[in-house]
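Worksheet for the structure shown next.
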2 protein chains.
Amino acid sequence: MLYPTPIAKLIESYTKLPGIGIKTATRLAFYTIGMEEDVVNEFAKNLLAAKRDLAYCQICGNLAEEETCAICQDQTRDLSTILVVEDSRDVSAMENIQEYHGLYHVLHGLISPMNGVGPDDINLKSLLTRLMDNEVTEVIIATNATADGEATSMYISRVLKPAGIKVTRLARGLAVGSDIEYTDEVTLLRAIENRTEL
Amino acid sequence: MLYPTPIAKLIESYTKLPGIGIKTATRLAFYTIGMEEDVVNEFAKNLLAAKRDLAYCQICGNLAEEETCAICQDQTRDLSTILVVEDSRDVSAMENIQEYHGLYHVLHGLISPMNGVGPDDINLKSLLTRLMDNEVTEVIIATNATADGEATSMYISRVLKPAGIKVTRLARGLAVGSDIEYTDEVTLLRAIENRTEL
């Protein structure tokens, strides 16, 4: 016997999510049946609403409920700086530290020569357009410290530097709380190169 | 900045699922936004349908799309045996091996003295009712081989034996493919006690 159709279908839907295999999907589906009815209704409603009501900001590519996102609409932000990130979660991580007050640009991916992802496959062209007609003086590249992140970072800096725009990237060094003994060699190398005066 | 409301609400819904914390929920929510619209619509529909269209069989407690489940409705099953399990997933595991052709009884839990779950808190009374007025000659207890499973098994056998019903439980022994060296002592003890003649 297989499961009754309604639960079999729900299991199938759960397996479409990343990192959720058939065993976990089955556990989640059975758990769902045991949940309060209004919680499940709310879940279904939120699924539809998230897909329907969210779009990407036409200026920066960040998640937005309207044509442009809350940050691009905010008149108090510093218009002279754009921080370039891979996705909206990075915007959120950056906003959480409440230190950066400029604008963002969300690439929706990274240049990845190994996976055949080139500059035209990510949201990069619109960054160049943004730089042409406004007062941006610095672009801060905040891509992940991985091979793809580095490749993207190098590409952007090479394109922007000839245009006379200051391009910086996040510092490389020891993560706070980390042990020197267990730090990988490349990180240690960067930490020595970029040492700061006390 | 927090996330826009639609995604924040979806993240909250995902965190209601078991084993899914805020980080995973955020990852799932962002992934959901990137999914095809009809896949998300299907997901929402399946959530509602599973909750709405499924109930527990009024006879055995198994998942059912109607008042009684497919197994209880099946006229070809052996009516003389009832196999007692903790939940519907166990029914499915048992059906998969295509060896057992009798009926089931789903307890929806196990007696757990440590957690204050007594015989009245699980679907046990209806098992006794079922035994009163039909031709059941054997009850096979297939609860997990855990402390709670054993407690439940002992309780059921003590209640049923005086009524003259044969009560058996699944064999304890070496799992197929296991090493004797790494088998725990209790399992090894049961394996010796229940040794079979070749």
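Every residue gets a Cβ built from N, Cα and C, even glycine.
Positions annotated as zinc finger by TrEMBL: A:57-72. The list of residues near the zinc finger (A:57-72) in space but at least 6 beyond its ends in sequence, with Cβ under 8 angstroms from a Cβ of it, reads 82, 88, 91, 95, 103-108, 123, 126, 130.
Here TrEMBL flags A:80-175 as domain 'Toprim'. Mapped onto DSSP classes, the domain 'Toprim' (A:80-175) shows 40 helix, 19 strand, 37 coil.
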Give me the mean pLDDT over the zinc finger (A:57-72), rounded to a whole number.
92
